[in-house]
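Per Swiss-Prot, these features apply:
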{"type": "DOMAIN", "residues": "2-143", "note": "domain 'Globin'"}
{"type": "MOD_RES", "residues": "Ser2", "note": "N-acetylserine"}
{"type": "BINDING", "residues": "His60", "note": "O2 binding site"}
{"type": "BINDING", "residues": "His89", "note": "heme b binding site"}
Amino acid sequence: MSLSDTDKAVVKAIWAKISPKADEIGAEALARMLTVYPQTKTYFSHWADLSPGSGPVKKHGKTIMGAVGEAISKIDDLVGGLAALSELHAFKLRVDPANFKILSHNVIVVIAMLFPADFTPEVHVSVDKFFNNLALALSEKYR
């Protein structure tokens, strides 16, 4: 599903609004994923504390949202822009690519919770399309 110019503009606009809370969004989304989808904990078994609000969860949530921000800056070429990150997850971390969609869903849930007035149905559609394209780009090296 390709992103229209309107989708790209909407994603950039909502990112401008939410980016000051990106670290909080990332930490909450990761904590939700680890709670709701406990099978994802296997990728983080080296962390001593996987509980919501723990240092490792907050730190990785910040990393995740930093990557989302980077993806938005490369929105016209997600596959090329995220090639190194795709390679890392495919060959070194060996993350099942299905987890990209799981995490994306949780990020969307948190954005909707924290920004209910801004997260209109139109924004939801564009953000959902963006995260689907992001997940596909991150899955590129798995093929």
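Every residue number used here counts from 1 along the chain in the order it is shown.
Using the three backbone atoms N, Cα and C, a Cβ is placed for every residue, glycine included.
Of the listed binding-site residues His60, His89, the Cβ environment within 10 Å is emptiest of other Cβ atoms at His60.
On a Cα basis, Ser2 (N-acetylserine) lies 28 Å away from His60 (O2 binding site). Rounded to a whole number, the C-alpha distance linking the residue listed as 'heme b binding site' with the residue listed as 'N-acetylserine' is 23 angstrom.
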